[in-house]
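*Asks:* I grabbed these lines from Swiss-Prot:
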| type | residues | note |
| --- | --- | --- |
| DOMAIN | 1-141 | domain 'Globin' |
| MOD_RES | S3 | phosphoserine |
| MOD_RES | K7 | N6-succinyllysine |
| MOD_RES | K11 | N6-succinyllysine |
| MOD_RES | K16 | N6-acetyllysine |
| MOD_RES | K16 | N6-succinyllysine |
| MOD_RES | Y24 | phosphotyrosine |
| MOD_RES | S35 | phosphoserine |
| MOD_RES | K40 | N6-succinyllysine |
| BINDING | H58 | O2 binding site |
| BINDING | H87 | heme b binding site |
| MOD_RES | S102 | phosphoserine |
| MOD_RES | S124 | phosphoserine |
| MOD_RES | S131 | phosphoserine |
| MOD_RES | T134 | phosphothreonine |
Amino acid sequence: VLSPADKSNVKAAWGKVGGHAGDYGAEALERMFLSFPTTKTYFPHFDLSHGSAQVKGHGKKVADALTNAVAHVDDMPNALSALSDLHAHKLRVDPVNFKLLSHCLLVTLAAHHPADFTPAVHASLDKFLASVSTVLTSKYR
């Protein structure tokens, strides 16, 4: 459960991402594909090379979903309901992949905002991404 301090940290950190959200999403996806090659199996139709338009496009979708989750941090199940349905019923993404992408997002944010990535912010973002993952996998049951 996100505390008021966690919510504040997440909103502040995501606010600093600003117009770079799509780029960070794409970078996190690239990190995931390189670090965890089995994740590529969900994207057989994508050009997964560095800077690919498809990876950038999906990175923007990831970032937009996270921006939506930040904006609706008190009601993520409703805000992410359609996305949860998509991943559970159509795409059938293995839930472990959300943890892998979350880790890569944390690394990406830390690399771009080292001064702002304090232990408290890191912990809050980790809890937030875990909450997003929980919501996205809630309809798998």
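Every residue gets a Cβ built from N, Cα and C, even glycine.
Owing to the predicted nature of the structure, the values given are computational and were not obtained by experimental measurement.
Just tell me what is around each of these and how deep it sits.
*Replies:* When secondary structure is read from DSSP and collapsed to three states, S3 (phosphoserine) falls in the coil class. Taking a C-beta cut-off of under 8 Å and a sequence gap of six or more, S3 (phosphoserine) has no contacts in its own chain.
The Cβ of K7 (N6-succinyllysine) has 16 other Cβ atoms within 10 Å, all protein chains considered.
Long-range Cβ neighbours of K11 (N6-succinyllysine) (same chain, at least 6 residues apart, Cβ-Cβ under 8 Å): V70, V73.
The C-beta environment of K16 (N6-acetyllysine), restricted to residues of the same chain at least 6 apart in sequence and closer than 8 Å, consists of H113, D116.
If you take the C-beta of Y24 (phosphotyrosine) and look for same-chain residues 6 or more apart in sequence within under 8 angstroms, you find V17, G59, A63, L105, T108, L109, H112. Y24 (phosphotyrosine) carries a helical DSSP state (H, G or I).
In three-state terms derived from DSSP, S35 (phosphoserine) belongs to a helical segment.
Taken residue by residue with DSSP, K40 (N6-succinyllysine) is part of a helix.
Around H58 (O2 binding site), a 10 Å sphere centred on its CB holds 17 further CB atoms from the protein chains shown.
Within 10 Å of the C-beta of H87 (heme b binding site) we count 21 further C-beta atoms, all protein chains included. Secondary structure from DSSP puts H87 (heme b binding site) in a helix.
Secondary structure from DSSP puts S102 (phosphoserine) in a helix.
Cβ neighbours of S124 (phosphoserine) (same chain, under 8 Å, six or more residues apart in sequence): L2, A5, D6, K7, N9, V10, A13.
Cβ neighbour count for S131 (phosphoserine) (all protein chains, 10 Å cutoff from its Cβ): 19. DSSP assigns S131 (phosphoserine) to a helical segment in the three-state reduction.
The Cβ of T134 (phosphothreonine) lies under 8 Å from the Cβ of no residue that sits 6+ residues away along the same chain.
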*Asks:* As a test of the contact definition, list every same-chain residue at least 6 positions from K40 (N6-succinyllysine) whose Cβ is closer than 8 Å to its Cβ.
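*Replies:* F33, L48 - these are the non-local Cβ neighbours of K40 (N6-succinyllysine), listed in sequence order.
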*Asks:* Applying a 10 Å Cβ distance cut-off over all chains shown, what neighbour count does S102 (phosphoserine) have?
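*Replies:* Excluding its own Cβ, S102 (phosphoserine) sees 20 Cβ atoms within 10 Å.
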*Asks:* Does S35 (phosphoserine) have same-chain partners at least 6 apart in sequence with Cβ under 8 Å from its own Cβ, and which are they?
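*Replies:* L100, C104 - these are the non-local Cβ neighbours of S35 (phosphoserine), listed in sequence order.
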*Asks:* Through the lens of DSSP with three states only, how would you label H58 (O2 binding site)?
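*Replies:* It is helical.
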